[in-house]
Structure formats: C-alpha cells, structure tokens
Amino acid sequence: MAVAVGALLIPLSTWFFAVDRTVTEPYLDEVFHVRQAQHYCQGHFDVWDPKITTPPGLYLLSYVFSRLESFQEYIGLSHLRLVPLDCSITGLRALNAVGLILLLLVVRLSYLQRASPETSAHHSLFDHSALNIALFPPLFFFSALYYTDVWSALSVLASYCFLTTAYRDKYGHWKRGIGLLALGLVSLMFRQTNIFWVTAFPAGLVLVKELDRGHEAIRNSMHRRTQGFGDSLYSIAKTSWKMAVIYDPPVRDAQVNGTNSSLQVHHWAHPNQSPDYLLTIISITACLLSIATQPKRLASLLLALAPFLLLAASFLAFILWNGSVILGDKANHTATLHLPQMLYLWPFITFFSWPLLLPYLLFTPVILLTWLPLFSALECAQRFKRTPTLLPRLLLILLALTLTCVIIHLNTLVHPFTLADNRHYIFYIFRRLLRPWYLRYAASTLYLLCAWACIQTLGTEPTDTQLFAPTPSNLERRLPVPNGQHSARISFTLVLLATSALQLVTAPLVEPRYFILPWVFWRLHVPLRIPVWRAGRRDRGGEWSWERWWAEYDHRLWIETAWLVAINVGTGYVFLFWGFAWPQEPGKVQRFMW
C-alpha cells in the first residue's frame, strides 16, 4: 500500500503544484464552484449560484475541512501541513488531491474484499492496479482543480465497498440497510447521476443473489446442458422456476453466436441456438416470476432491496420538489434520450485501456481474414472457426452494424455546448466525426469492435488461472461479483451494462467526465494475472525470486501505467503551456482540458 501511495504522490504533487503556480485564478467551471464554496466557508448557506447544476456536497466538505484547518491552527499544528485545506483556491483544489489518494485506498480495499483466500495475503498486483485506476486521466486531471468528479467517484466506490463488506461479513439487515442508505445519500450530495450506481447497480447484484438460491449441483447441470436441466430454453426456464437457480456462465465461456458447430441440432428451443446472454435473461426472468408467487421469499427480496428502494424514492421526491433532476441552469441540462452515448463509451474505454484489450484488438482482423475463401481452408483458420467465443457470426455482426447505424441516424444529438467551446477535446472529436456526414456511420465498425473487446476482456483469464486460486472468496459465495482474478459472470456484465446505459443515455451532452464511473467499474473487475508464487502454490517451483516475480507478473499493468502517465503528461503540458486567447476576450488565457 505504501508503495502505491508513494508512486501516486510523485505525479500528483508535481501536477498539483504546477497547476497551483500556473493557474492562479479559478478556471472555467471553477469560477462557480470556488465562489460557492467560499460562501459556504463564510457560513452563507442560503446563497446559491443558479448556474450550478450539482448538489452542494463538495462545498459542504470544503466547509468541514476549513473548520479542521482552523482547529489545527488553534492547537498549534499548522506548521505540519504541506498545503492548506482552507477555502483559498489552493486549499479547495488540495481537497481533490486528498480525494484521489483516498480513492486509491478504496479501490485497493475493493480488490482485497473480493480476493480469493490464496491471493488476498499478497497484494502488490492489486496495489498496482489501484494505482492505475487513480492515474486514469479524466480523474487525475481534475485532482488539481476544484471540480466534483474525484469526490463523486470516491463516494460511489465507498458505497460499493460497504456493500461488498456487508455481504462478505454477513452484516444484519438493519446495519447493512442503514449503511447503504447513508452512503447512498452522501454520494447523491456530490452528483445526481450517482443514483444509478448506488441503487440500480447494487440492487441488480443483490437481486441476482436473492434469486439464485438453488443447489450447486443443479447449477452445474444447467451449465453442462444436461438433459432436463439445460438442454433447451424450456428446460432452463423450468429449472430456474422450480429450483431457484440462475443460468449464469462466466463471460469467458459465454457464446454470443448461439450455435455450436459440433452439434447439428436444428430446433429453435435448443440452447445451442440461443445466445448465452439471452438464456441468462430468460433464467433471471423465470426466477423473478417464480419468487412473485412465494410470499415469504418475496418479502425477503424486498427487505434486501429496501435500502435501494428508499434511495430511489428519496431521489424521486427530490425531483418532484425541484421540478427537475438538475438544480440550476435547467434549460441547458434537460434529460434526453441519447442512445449513441453507449456507442461512444467503448472507444473511450479502448483509448485508455488498450493494453488490457490488445489480444482482442489484434485477433479480430485475423479472424475476419479466416472468413475469406482464400484463407478459410488453412488449418489455423479452422482453429479460429472452432472457437466460437472469439467473434460473433457474420450475420450477427451485420445485424449489430445495422442497428448501430439506425441509432446513429435517428438519435445522434449534438448539444450546443459541444461545438461552442473549443477548449474541450470533445469539440475537435465531434467536429471531425460529423463532417463529412458518412464518418459518423463509418465509426459504427469501431464502436462494435471496441464494445466486443471490452466485454470479452471481462472474461479474460490467464493460462492455468484455475490453479492459482481454486477456492472462491467468502464474498463470491454471497454476491455475484468477480474476485479480481477470474472471469466475470454474465449476470454481473448485464448489470454493469444496464447501469452504464441508465447513466449515459439520459445525458444530452457528451463529456469524458460522464464516462468516468462506467470505466472505473469496468476496469475494477477486469481479471488480473496473479503470480503463482503469490497464490500460495509452493509446490509449483520453489521460493520467491525477482526473476520469477518479473516472469509471472501481469505485464499489461506496466504498459497501462506507462500509457496513462504519458497521457497525463501530454494533457497536463497542453493545459499549462499551450494557452491561447479568444478575440472577444483579449489578454485572458484559455486552456485545453477534458
């Protein structure tokens, strides 16, 4: 842990002090945030800037820290501080730097909570992965400015950590419910869109856990497609209804094609003719309909979901009282159906996380070549064809491309702010994407490739990973979340996709900051390669050594670290030293930012 924090402090302190020396006045949205926070620090809680759209959580936190700063001065310890945490612009910005360090610690805690017993004792890989998440450029960039993003993400992750802790350690209903409700309300004080991550996301996980109560032997029979249990759509639905078992294979083994070349069965009801994701949805639906007929189980389910239902009801009451989700500037921030946001998400993830996606990004062109008659007869081409999880069938790809183009044609929205402010990188992306007109449709192939790679990466497991940590963690037995080493299950992936969609498709404005939480939760659950010697497998070859450590480490993390640092250095340099001036505001420096 100390190494990870120290490794973060070096770039973080460099970036913070560089911004503090160069940008001495509030910049862009900081103008509104800093002014509002200083009103709160002076005790003027009745003053509110109508241009601010988010709740006052960050300003209240600044007020609390300013009081702690005053107390530190009172007891004579002010000389121990590195930077002030008062309500000066430096002190307000420093609060986000502190928040980023806390975020690293919470992410690390999340890894440890989900880890299998064999891997939890040695966690340098988790430290490294947590460091990379803290270095995520849209988060790292705003750690030196007074924006809400860092503490918003931190509050959501804290709520998620409490959820996993509560189920791992078997908290009682009251303790778990009050904790989740309190942390959810705190998170909503930083940003309204957090509602989906503190209600829909945990509620989806708890729902799957409460529905899936059957015996492990029945579950294994479903996954093996045993006759009468999982050999048809009907048998899967029947087994789910009667036995309270969800068909929920790992993403690693899931088939999107819905066909198996080794089985020549031509019947619509055969599971090999249906995608595994569809089968899981049908199984969950059957379990849900079944539980609706059992009053005791239904009451137990509602009790487990009570904290999230109360949060949702509280948020709905706020909307009715306020007349909108947004606090201020409602005319420019009206909730609107914006389906292409879920298309933009995947290139965004791919840009920052390509070191983790590289196998799928490289294999896809090769697999496409095997479909051509010139190469289809080669033995290597046959091997690819015998692995249906590598890429969907051509027909499914064409259907997905058609649907994507329809969404682009009917629902592409360009918010006035997007093309009105050339200080944001998204301005240049959209200016290129929209002209000429056909580029927006040509990008559909990129969207699908990136989406496929991102989802499949949740199921990527290194070779022999089952030998490293064969024992599931205590949490895995009680909540369907990945342990950080093995493949995510389909149910978890569906919940993650649904929550991301709920957050994104209601936002008319495209901003990289809106994609922070979907990226963080995706990245947090990508399986890592745990070294053998760190999994307690001494029978596999002697004692620890630096050579063995290097050979068995997940080298993708080093490439990812270098890439994220390079992006942060580049965007930081551009922000600090590539300023320009608008003709209508001569002498005022404008800066490029996310």
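Going from the start of the chain as shown, residues are counted 1 onward.
Note that Cβ sites are derived from N, Cα and C of the backbone, with glycine treated the same way.
Under the heading signal peptide, TrEMBL lists 1-24. Long-range neighbours of the signal peptide (1-24) within the same chain, counting only residues 6 or more positions beyond its ends whose Cβ lies under 8 Å from a Cβ of the stretch, are 83, 89-90, 93-94, 97, 100-101, 104-105, 108, 124, 127-128, 130-131, 134-135, 140, 143-145, 565, 568, 572, 575-576, 591.
Summarising the annotation, TrEMBL assigns transmembrane segment to 94-112 (among others).
Here the transmembrane segment (124-144) has long-range neighbours at 1, 3-4, 7-8, 11-12, 15-16, 18-20, 93, 96-97, 99-101, 103-105, 107-108, 111-112, 115, 150, 153, 352, 484, 512-513, 515-516, 519-520, 523-524, 528-531, 534, 553-554, 557, 560-561, 564-565, 567-568, 571-572, 575, 593-594, meaning same-chain residues at least 6 beyond its ends whose C-beta is under 8 angstroms from one of its own. Look at TrEMBL and you will find 124-144 (among others) tagged as transmembrane segment.
Residues or ranges marked as transmembrane segment in TrEMBL: 150-167 (among others).
Positions annotated as transmembrane segment by TrEMBL: 179-200 (among others).
Look at TrEMBL and you will find 277-294 (among others) tagged as transmembrane segment.
Per TrEMBL, the feature transmembrane segment maps to 301-323 (among others).
Per TrEMBL, transmembrane segment is recorded for 343-374 (among others).
Residues annotated as transmembrane segment in TrEMBL: 394-417 (among others). Sequence-distant contacts of the transmembrane segment (394-417) (same chain, six or more residues past either end, CB-CB distance under 8 Å): 256-257, 332, 336-340, 343, 371, 430, 434, 440-441, 443-445, 447-448, 508-510.
What TrEMBL lists as transmembrane segment is 437-455 (among others).
Long-range contacts of the transmembrane segment (557-581) within the same chain, counting only residues at least 6 positions beyond its ends with a Cβ under 8 Å from a Cβ of the stretch, are 11, 15, 18-19, 22-23, 125, 128-129, 131-132, 135-137, 140-141, 352-356, 528, 587-594. Residues or ranges marked as transmembrane segment by TrEMBL: 557-581 (among others).
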The transmembrane segment (150-167) versus listed stretches 179-200, 277-294, 301-323, 437-455: most Cβ pairs under 8 Å: 179-200
Positions on the same chain near the transmembrane segment (277-294), where near means CB under 8 A and six or more residues out: 207-208, 210-212, 222, 233, 236-238, 240-242, 244-249, 254, 256, 258, 271, 301, 490-491, 493-494
Non-local residues, at least 6 beyond the ends, that sit with Cβ under 8 Å of the transmembrane segment (179-200): 54-58, 60, 148, 151-152, 155-156, 158-160, 162-163, 166, 171, 307-308, 310-312, 314-315, 325-326, 495, 498-499, 502-503, 506-507, 514, 517, 521
Outside the transmembrane segment (301-323), six or more residues from its ends: residues with CB under 8 Å to it: 173, 176-178, 180-181, 184-185, 188, 192, 195, 198-200, 202-203, 206-207, 209-211, 291, 330
